[in-house]
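**Student:** Quick one: this structure, given as structure tokens, is what I'll be asking you about.
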Amino acid sequence: MKDHLIIFDTTLRDGEQSPGASMTREEKVRIARQLERMRVDVIEAGFPAASNGDFEAVKAVAAAIKGSTICGLARAIEGDIRRAGEALRGANSARIHTFIATSPIHMEKKLRMSPDQVVEQAVKAVKFARQYTDDVEFSPEDAGRSDITFLCRVLEAVIDAGAGTVNIPDTVGYTMPQQFGELIRTLRERIPNSDKVIFSVHCHNDLGLAVANSLSAVMNGARQVECTVNGLGERAGNASLEEVVMAVRTRQDFFPCDTRIDSVHIVPASKLVSGITGFPVQPNKAIVGANAFAHESGIHQDGVLKHRETYEIMRAEDVGWGANKLLLGKHSGRNAFRSRLAELGIELESEETLNATFMRFKELADKKHDIFDEDLHALVSDDAAALQEHYKLLSLTAHSETGETPHASIVIGEEGRESRAESDGSGPVDATFRAIEKILNSGVELQLYSVNAITSGTDSQGEVTVRLQKSGRIVNGNGADTDIVVASAKAYLSALNKLHSKLERAHPQV
């Protein structure tokens, strides 16, 4: 029987550190439920000590998820670990992931601690974490630049202290695959008690090698890979969950292990994360890109038509690609609507939320003849965003005519008050944004504006992503509507609502 390769997803923690990718508590729970359906082994839900928002998000995920282990990150200090333990109290299966830097430069310049003090602190942290859960993971931050002998000493000590998993991060994405594989093999050979622990890896993609390094580590004995959906993460991102899983699954002739991932949920997870974060997936992205299974060359097309395996090494349907399934229309009832949401893995928290979302569906069905699965995902995302609204779009009129200056008139609700403004602009979207700013005077800088059609057809909903920056903070906002100008206003206000509600948090470099 092959070894089990544990998939540790950190989309909700490390993935959220992408500039602009901040998620609300409800959004984190939605993604966590999709990861649970995918049968992800461990979900790192956040860094509870970073902020009250992070604490509550980890607590909510821990309460909602029963089929995956829920993990909270903590520095190797008692306050962080206590906070993580409290956030995870409601979890069916909980893990605390604690870390401390072990490289000479970090110990000297950042921690101002001697090597002996670092070992002592790491051991204390693991023992303290064991008071909250038997499942403790330890990471030596900046392992790639750490002295190998000292690294072995630290890891041996934390294993003796009760760590069940030791995670080796390539924090700055500098290591080559052969080097990283050799590092894992060396640690397993030199640490006397290495047989009592699972070796994990956490690779960053600064040189485009995160997946390659992770797979090299697996070939050298690592049995947990830390990764994110779509490779999301700060700088160039993390190892991509879908690429790691499908590389191991497709090359079972090569790898001595396999995951328990239900791969048909990969594409839905990719779309969900992309929609919530506002980070589109590049068309040529392996596994989940729109062109991943497209064949332009006539020779390739002919081969695929005759025998799929000529140019396809895996089946599109095995990762969740399927026909754009026609779903519902204006005559569809509430039960059919609820049933289709359940099939898509969308769970609404209450009957009240279901009723409100169904009414929005009926409004959309009046504008759009055919409703597809993608429309429902966008609809639910819009409704989830509405729950966090401080600023609410009440009405919008935009006018654009050839040879005339575009004009917009808008009404925004804020804590029960209504504010109105009008503005001209270089286009209807520009006029709308200017009108919003006349009311709110937010002082933000628009960094990104993008539009994507959710489905095909001239009556398709447009999904707009807006990225705003203010005082060094970056947020993304999304909006969907059959009217692009309305979708743009929704996206702009969505981003402003995130700026209004989100607090700054400390982001660890693990």
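The backbone N, Cα and C atoms fix where each Cβ goes, glycine too.
Copying in the features that Swiss-Prot gives for the protein in this structure:
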DOMAIN    5-267  domain 'Pyruvate carboxyltransferase'
BINDING   ASP14, HIS202, HIS204, ASN238  Mn(2+) binding site
REGION    392-510  region 'Regulatory domain'
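Mind mapping these onto the model and telling me what they sit next to?
**Tutor:** Sequence-distant neighbours of HIS204 (Mn(2+) binding site) (same chain, 6+ apart, CB under 8 A from its CB) are PRO169, ASP170, THR171, VAL172, GLY173, ALA210, GLY233, ARG235, ALA236, GLY237, ASN238.
Summed and averaged per residue, pLDDT over the region 'Regulatory domain' (392-510) gives 88.
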**Student:** If you skip the near sequence neighbours and keep only those at least six away, which residues in the chain come within under 8 angstroms of ASP14 (Mn(2+) binding site), Cβ to Cβ?
**Tutor:** GLU44, HIS202, GLU226, THR228, GLY233, GLU234, ASN238, VAL510
**Student:** Around the Mn(2+) site formed by ASP14, HIS202, HIS204, ASN238, which additional residues qualify by having Cβ within 8 Å of the site's Cβ center?
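**Tutor:** Along the chain, the qualifying residues are THR10, PRO169, CYS203, ASN205, ALA210, GLU226, CYS227, THR228, GLY233, GLY237, ALA239, VAL510.
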**Student:** If you draw a 10 Å sphere on the Cβ of ASN238 (Mn(2+) binding site), how many other Cβ atoms land inside?
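**Tutor:** Neighbour count, Cβ to Cβ under the 10 Å cut-off: 30.
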